[in-house]
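Engineer: Okay, here's the structure, questions in a sec.
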Amino acid sequence: MATKDETNPTETESDESTITQIFDVVARAAPEIRSGLPGRRIYAEEDNPSGETQMEADVYADDLLCERIGDIDGVGEYASEERPAVIDTGSGLSVCVDPLDGSSNLKPNNTMGTIVAVYDAPIPATGADMLAAAYVLYGATTTMIVARDDTVTEYVIQEDGEYEAVREDITLPDDPTVYGFGGRVPDWVESFTEYARDIESDASMKLRYGGSMIGDVNQILTYGGIFAYPTLQDSPEGKLRVQFEGYPVGYIIETAGGRSSDGEQSLLAVEKDELHARTPVYVGNEELIEKLEAAFAED
Ligand SMILES: O=P(O)(O)OC[C@H]1O[C@](O)(COP(=O)(O)O)[C@@H](O)[C@@H]1O
Ligand SMILES: [Mg+2]
Ligand SMILES: [Mg+2]
């Protein structure tokens, strides 16, 4: 079972510099993305490649990030969940982006995020090719979580795009206290429903589900627990995309000492040929993921 530690490729000197530039560009773009949201809370004409309605804000964030990240010398490919195909931007590392995660939260002014995964292989890459991952959280403040060099760091991003590290070597708390499960309860498969009932009956656990994966995952990173967008009866692969959501979030939580799973294996071991392939996503404390995989193993 491949996890981050066993398969994480090492960065070269130039990769280090390119990765730093990528996350610098994303941090500095965050205030522009955030300030561009209010006027773009409307549906665009197109659906995204996953067949989901695009918001104007999705397109705006994607165009901005594609241009800025694509302009970085050491970046050779850019792909996003909003684009059908990979964009060739020269030679170097590959970058996959969910420009705006949680778009359905735009109208109710709930949290949203931007997810960035950096690979040293052509896209669609595999979890084993991942060099670093990050997410921006547009919450009460704008923060960025970066996982690279085996450590997780949190930055606060100011309105002018300046940013500073506020928490370093972040690890999931040993005693988990929150859970967030996506999808409609009647659509869950039986083994997940039983698992969920078990978690809900644990007096130390409380529900935290906001409908935006990055907002929900940041709760897990902060308080410990489990986030799931599970396999569903009619959509066994769930809703979230491997390249743009599963791999980066799996990498970040595993770098913070947690575990990730698709129900059977680390998310980083999932292998799909199709750029917009989906996967069930379970991330959180090791003992909660192990319990989940045991529940599915009984099927
Ligand atoms: O609306 P649902 O079914 O609860 O799905 C919520 C999930 O969908 C998402 O919004 C999908 O991400 P996008 O908004 O980037 O498409 C996740 O952020 C979130 O976890
Ligand atoms: Mg998303
Ligand atoms: Mg999105």
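Residue 1 is the first one shown; counting continues down the chain.
Glycine is no exception: its Cβ is also placed from the backbone N, Cα and C atoms.
Pasting the relevant annotations from TrEMBL:
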- 44-166: domain 'Fructose-1-6-bisphosphatase class I N-terminal' (DOMAIN)
- GLU81, ASP98, LEU100: Mg(2+) 1 binding site (BINDING)
- ASP98, ASP101, GLU245: Mg(2+) 2 binding site (BINDING)
- ASP101, GLY102, SER103, SER104, TYR209, LYS239: substrate binding site (BINDING)
- 172-295: domain 'Fructose-1-6-bisphosphatase class 1 C-terminal' (DOMAIN)
Engineer: In terms of Cα spacing, which of the binding-site residues SER104, TYR209, LYS239, GLU245 are within 10 angstroms of ASP98 (Mg(2+) 1 binding site)?
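Structural biologist: Neighbours among binding-site residues, in sequence order: GLU245.
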Engineer: How many Å lie between the Cα of SER103 (substrate binding site) and the Cα of GLU245 (Mg(2+) 2 binding site)?
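Structural biologist: Rounded to the nearest whole number, the Cα-Cα distance is 14 Å.
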Engineer: I'd like to know which of the binding-site residues listed (GLY102, SER104, TYR209, LYS239) lie near ligand 3, counting only a CB under 6 Å away.
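Structural biologist: The binding-site residues passing the 6 Å Cβ test: none.
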Engineer: According to DSSP, how is the domain 'Fructose-1-6-bisphosphatase class 1 C-terminal' (172-295) divided among helix, strand and coil residues?
Structural biologist: 52 helix, 22 strand, 50 coil
Engineer: Out of TYR209, LYS239, GLU245, the binding-site residues in the record, which is closest to LEU100 (Mg(2+) 1 binding site) when you go by Cα distance?
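Structural biologist: Going through TYR209, LYS239, GLU245 one by one, the closest to LEU100 (Mg(2+) 1 binding site) is GLU245.
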Engineer: Where's the emptiest Cβ shell within 10 Å among the binding-site residues GLU81, ASP98, ASP101, GLU245?
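Structural biologist: Counting other Cβ atoms within 10 Å of each of the binding-site residues GLU81, ASP98, ASP101, GLU245, the minimum falls on GLU81.
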Engineer: To see if you understand the setup: which same-chain residues, six or more apart in sequence, place their Cβ under 8 Å from that of LYS239 (substrate binding site)?
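Structural biologist: Looking at Cβ-Cβ distances below 8 Å from LYS239 (substrate binding site), excluding near sequence neighbours, one finds GLY182, GLY183, TYR229, LEU232, ARG278.
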Engineer: Reduced to three states, what secondary structure does DSSP give SER104 (substrate binding site)?
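Structural biologist: SER104 (substrate binding site) sits in a helix per DSSP.
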Engineer: Taking a cut-off of under 6 Å between Cβ and any atom of ligand 2, tell me which of the binding-site residues LEU100, SER103, SER104, TYR209, LYS239, GLU245 pass.
Structural biologist: GLU245
Engineer: Same chain, not part of GLU81, ASP98, LEU100: whose C-beta falls within 8 angstroms of the C-beta centre of the Mg(2+) 1 site? Give them in sequence order.
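Structural biologist: So the extra residues in range turn out to be ASP58, ALA61, ASP62, SER80, GLU82, VAL97, PRO99, ASP101, SER103, THR114, ILE115, PHE244, GLU245.
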Engineer: Taking only the binding-site residues GLU81, ASP101, GLU245, which one has a CA atom nearest to the CA atom of TYR209 (substrate binding site)?
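Structural biologist: Spatially nearest to TYR209 (substrate binding site) by Cα position is ASP101.
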Engineer: For the domain 'Fructose-1-6-bisphosphatase class 1 C-terminal' (172-295), what's the model's average pLDDT?
Structural biologist: 98
